[in-house]
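Below is one structure; the comments refer to it alone.
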Amino acid sequence: MENVSFVRIFTLSGLNETLNYRVALFSLTLLYYCAILFFNVSLIIIIALDENLHEPMYILLCSVCVNGLYGTTGFYPKFLLDLLSPSPEIVYEGCLFQAFILYSFACCDLSILAVMAYDRYLAICRPLHYHSQMSKRRLSQLVCFSWLTPLCIHSINVFLTSRLKLCSSNMQKIFCVNWVIVKLACSEADTFSNNIAAYITIVIYVSHGFFIIWTYMHIVKTAVRSENVRVKFMQTCVPHLISLIVFLVTILFYFMHMRFGSRDLPQNLQNFISIEFLLIPPLMNPLIYGFKLSKIRQKILYLVHVGKK
């Protein structure tokens, strides 16, 4: 007999404490999601339509915005529907799909940030070799790597989870999480392969973090020696650093809460901690890069000026 789930519908009980103010929460969430869509889509259109912005740094920024749209679309529409439902539920297949989207979104973000760090390393530490090493072909390969790697990894993780027989349908979350689905497996279910896949995923993305640290060690070392490089560092690396720090802090909070978080915390606080990576980076990234990168800022100001005429 195949070891597959008998659970067809999950109950998302993380919203049980929001009954008294769901309409207000729905309105604020809808407004926030519209802001995420507006700023990310605007930045993508600005970069796509302006040939002067068809450079590696801006194409990677465009990839960050596309990923932000991908991840938030996997969460906000369903969350908004759940706020209008007296008993939020999600079908088994939909739950696996949402878990796949949210996990691949987070890992894709880190992959793109690692590629951006490599781009800044070449631009600042090896400027004479920048155009030869960051060619259109190489850039295409790196963008494909940053997307396909997390998609493939989490396809495997979700496939392994789909083989488990589940004995509970109550998920004390506001969205589906792969590791929580695994914890709902029956006691006799073999989760060894899921654990191995999870640890391999962690090793892969921790190595991304070490690579980013390595690139910035060289970038800072080079910037200290030259005033011109320091100016370039402040203009192009600071937005990336802010984006990176915001992402890592939110993800760290999420995983610390997932692994070691106390259930004694109020449910609303647990919900906020769990969705920080879907709240802050998707909105902050386009704002940080839009205001800090001079070419994009000038383009925005030009469009605003033209619009007033």
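Positions of Cβ are set from backbone N, Cα and C atoms, glycine also.
The domain 'G-protein coupled receptors family 1 profile' feature in TrEMBL is assigned to 39-289. The feature transmembrane segment is assigned by TrEMBL to 30-49, 56-76, 96-118, 139-160, 196-216, 237-257, 269-291.
For the transmembrane segment (30-49), same-chain residues at least 6 beyond its ends with a Cβ under 8 Å from one of its own Cβ atoms are 58-59, 61-62, 65-66, 68-69, 72, 76, 80, 279, 282-283, 285-287, 289-290, 296, 299-300, 303.
Packing against the transmembrane segment (196-216) from elsewhere in the chain are residues 107, 110-111, 113-114, 117-118, 120-121, 149, 153-154, 156-157, 160, 179, 237, 241, 244, 248: each is 6 or more residues past its ends and has a CB under 8 Å from a CB in it. Beyond the transmembrane segment (56-76), the same-chain residues lying 6 or more positions past its ends with a Cβ under 8 Å from any Cβ of the stretch are 29, 33, 36-37, 40-41, 43-44, 47-48, 98, 101-102, 105-106, 108-109, 112-113, 115-116, 119-120, 123, 134, 139, 143, 146-147, 175, 236, 243, 275, 278, 281-282, 285-286, 289, 293, 295-296.
Proximity of distant same-chain residues to the transmembrane segment (237-257), defined by a Cβ-Cβ separation under 8 Å and at least 6 residues beyond the stretch ends, is recorded for 64, 106, 109-110, 113, 116-117, 120, 124, 209, 212, 216, 219, 270, 273-274, 276-277, 279-281, 284-285, 288-289, 292-293. On the 0 to 100 pLDDT scale, the domain 'G-protein coupled receptors family 1 profile' (39-289) averages 89 in this prediction.
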